[in-house]
Amino acid sequence: MGWGAGGSCTPRPPIRPQTAQETRVITVVFLGLLLDLLAFTLLLPLLPGLLESHGRAHDPLYGSWQRGVDWFAAAIRMPAEKRYNSVLFGGLIGSVFSFLQFLLAPLTGAISDYLGRRPVMLLSLPRHETLPPEKRAPSITPGFRAAADLLSPLALLRFSAVAQGQDPPAGDRLESLRRLGLVYFLYLFLFSGLEYTLSFLAHQRFQFSSEAGVLSQLQGPSAHRSLASSLQQGKMFFFIGLTMAAVQGAYARRISPGGEIAAVKRAILLLVPAFLLIGWGLMLPVLGLGLLLYSFAAAVVVPCLSSVVANYGSSRQKGTIMGTLRSLGALARAVGPMVAASAYWLAGAQVCFTVCSGLFLLPFLLLWNLRPPTHTLKAE
């Protein structure tokens, strides 16, 4: 059973058994994602020690980044505490990572439409340069010229690469695709910014220690208090992750075909009270209720929007469309945290969370009269 656009239960089509080939593909994708996530998350606990090691070694690149962080912290009047500095430095690294995704996502997506998905995945692995030195620059110059349209934020929001490609969506469908791209960007811009400031708020209001500041404090007399507070923050993020997993497994995957946009609108509306409770709550139960609503919405919006966008365009444009969408999301995640951190320290937590909560109405209104593609069919 699934929840339709009007919120009522509608029968789902029968699920056909998977072939051996499909099962093998799903297994490979699952293992690839598992290794990717493990490689990424294993770095996080080591990040504070790595940063301290580079600082002690007087690494010039680290020093230039640290000077940039110090300048930004002074500009937004952030307290001169080491744990805050570490969170800000980690946020800068995350923004750079997202910016690099913004540059590469539309390129790899477009190339996959031309070469195929599997060759691009294999070519993405590290390989040695095979061209002679004198031919390397001329060989890539035309590619950079063609890629310029894929790297302009305005061109991405207009899905120019899709509109100028083969078999572009018709006029109304192209406008709907552009609106969905704008919704995706605005949502992740606001969401990633407030998500980033949770570390500041949790420590400032509830004395939860940020993970980045724990290692530097465990050697002092307050080691036990720091460890306890870091465990509290760990429990907070564990609660968020567990709630998101439960919602995606029990609710999001059961949303009936055609009901994704209605589900996204409901989830975005939930973010308004969620962030108001988080920003204004002075007690842990209030924070917990806000995080519960926040986790529910976070588990629904991106999967549903991705599902709807994937149904636009021809089969030869899927990579370009999804690459453009991912690039918009990466750009939002690169800019959102720094903007939200500035608002947090310049205007205060309550003003920051209140204003951003109200701004979530913008993507909601953009979706108000939007209808999904008539042939929307979710993969069973």
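Heads up, the Cβ atoms here are built off N, Cα and C, so glycines get one too.
Per TrEMBL, the features are:
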{"type": "TRANSMEM", "residues": "25-47", "note": "transmembrane segment"}
{"type": "TRANSMEM", "residues": "87-111", "note": "transmembrane segment"}
{"type": "TRANSMEM", "residues": "182-202", "note": "transmembrane segment"}
{"type": "TRANSMEM", "residues": "236-255", "note": "transmembrane segment"}
{"type": "TRANSMEM", "residues": "267-287", "note": "transmembrane segment"}
{"type": "TRANSMEM", "residues": "293-313", "note": "transmembrane segment"}
{"type": "TRANSMEM", "residues": "325-345", "note": "transmembrane segment"}
{"type": "TRANSMEM", "residues": "351-370", "note": "transmembrane segment"}
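Using the rule of three or more Cβ pairs under 8 Å, pairs at least 6 apart in sequence, the transmembrane segment (351-370) is in contact with the transmembrane segment (182-202). Residues 84, 87, 91, 94, 157, 208, 210, 232-233, 236, 264, 268, 271, 275, 278-279, 298, 301-302, 305, 309, 325, 328-329, 331-333, 335-337, 339-341, 343-345, 349, 352-353, 356, 359-360, 362-363, 366-367 of the same chain, all 6+ positions outside the transmembrane segment (182-202), place their C-beta atoms under 8 angstroms from a C-beta of that stretch. Away from its own ends, the transmembrane segment (267-287) comes close to residues 187, 191, 194, 198, 201, 205-206, 293-294, 296-297, 300-301, 304, 349-350, 352-354, 356-358, 360-361, 363-364, 367 of its chain (Cβ-Cβ under 8 Å, at least six residues beyond either end).
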